[in-house]
Amino acid sequence: MLFKQQALLRQKLFVLGSLAIGSLLYLVARVGSLNRLQPICPIESRLGPPHLPEQIPLRTLQYKRGLLHELRKGNATKEQIRLHNLVQQLPRAIIIGVRKGGTRALLEMLNLHPAVVKASQEIHFFDNDQNYARGIDWYREKMPFSFPHQITIEKSPAYFITEEVPERIFKMNSSIKLLIIVREPTTRAVSDYTQVLEGKERKNKTYHKFEKLAIDGNTCEVNTKYKAVRTSIYTKHLERWLKYFPVEQFHIVDGDRLITDPLPELQLVERFLKLPSRISQYNLYFNATRGFYCLRFNIVFNKCLAGSKGRIHPEVDPSVVAKLRSFFHPFNQKFYQITGRTFNWP
């Protein structure tokens, strides 16, 4: 009887011991597995340093395009605007001119940069007395919605040649960045004429030949009263701006080069605006059918400028071209001297 009780006790002890060892082994295994499940980096480090100001990731192009496009169409709700901290900002840079220098192309190409938001239409706030009388809040409401860290840019090429504009912009923001895109002056004047001519023809109206407008019939000299000629005297207009802004606040863009090799010009503008370099050759592709560069925002969204861009210019009497180039030459030399940028203009 005693032998059976001892055997039963040993059996119970063996079972209890086995359970204890099994539990111990389970716990060891469990702890090991928990250690292996721990994240490689602490949560705080994965979320980034605390208390940093919120930044807009510069590569969120697709999201930016989508949301801001909805805002432009008026489809976004007030809740979306509030939730994403979107604002209508006054421009921190303005393309002030020149007409037919490539202002639209420059604006659209700069809009490739994720930190840039463009005003789609020319606002004509500073050159139009009626608009200017509506006040700065009216002007702000014409701006697109943007994230706080983005730069809003507008373009109105009439600003460059309108006498009241420099003082008006100075009163709004004396440190604003000013972009001027220029082309060879005679080519620009002919392009200006071509746009007006096309408008007249569309309305079945007649129009003088370029030569008759550009040359005074009485003196046979260049007609400086003709607006297309006057606009191309860049230095005269720039001198008026320099009464309010230092030359360091201007950046001159080569409009002829922007047509043939846009990337270097855009990279110079990025630096002038103190933007990180984001526009690359990927964003620009040559369209042989259109004859100029088009824009690639991402793998699904491409854009070419309107069909009105790249109009064929009428042939101009070579003697008139030579007279205009001779007329513009001293003004061009002064423009080079003031801006510190030299162009290969005749």
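The chain as shown is numbered from 1 upward.
Glycine is no exception: its Cβ is also placed from the backbone N, Cα and C atoms.
Now, the feature entries from TrEMBL:
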ACT_SITE  Lys100  active site, for sulfotransferase activity
BINDING   Lys100, Gly101, Gly102, Thr103, Arg104, Arg183, Ser191, Tyr293, Lys309, Gly310, Arg311, Ile312, His313  3'-phosphoadenylyl sulfate binding site
DISULFID  Cys294-Cys304  disulfide bond
TRANSMEM  12-29  transmembrane segment
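Mapped onto this structure are the features recorded in TrEMBL.
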residue	record	CB count, 10 Å
Lys100	active site, for sulfotransferase activity	24
Gly102	3'-phosphoadenylyl sulfate binding site	27
Arg104	3'-phosphoadenylyl sulfate binding site	18
Ser191	3'-phosphoadenylyl sulfate binding site	20
Cys294	disulfide bond	16
Cys304	disulfide bond	16
Arg311	3'-phosphoadenylyl sulfate binding site	13
His313	3'-phosphoadenylyl sulfate binding site	12
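For the recorded positions Ser191, Cys294, Cys304, Arg311, His313, a Cα-Cα cutoff of 10 angstroms around the residue listed as 'active site, for sulfotransferase activity' retains Ser191.
A Cα-Cα distance of 11 Å separates Cys304 (disulfide bond) from Arg104 (3'-phosphoadenylyl sulfate binding site).
Cα of Cys294 (disulfide bond) to Cα of Arg104 (3'-phosphoadenylyl sulfate binding site): a span of 13 Å.
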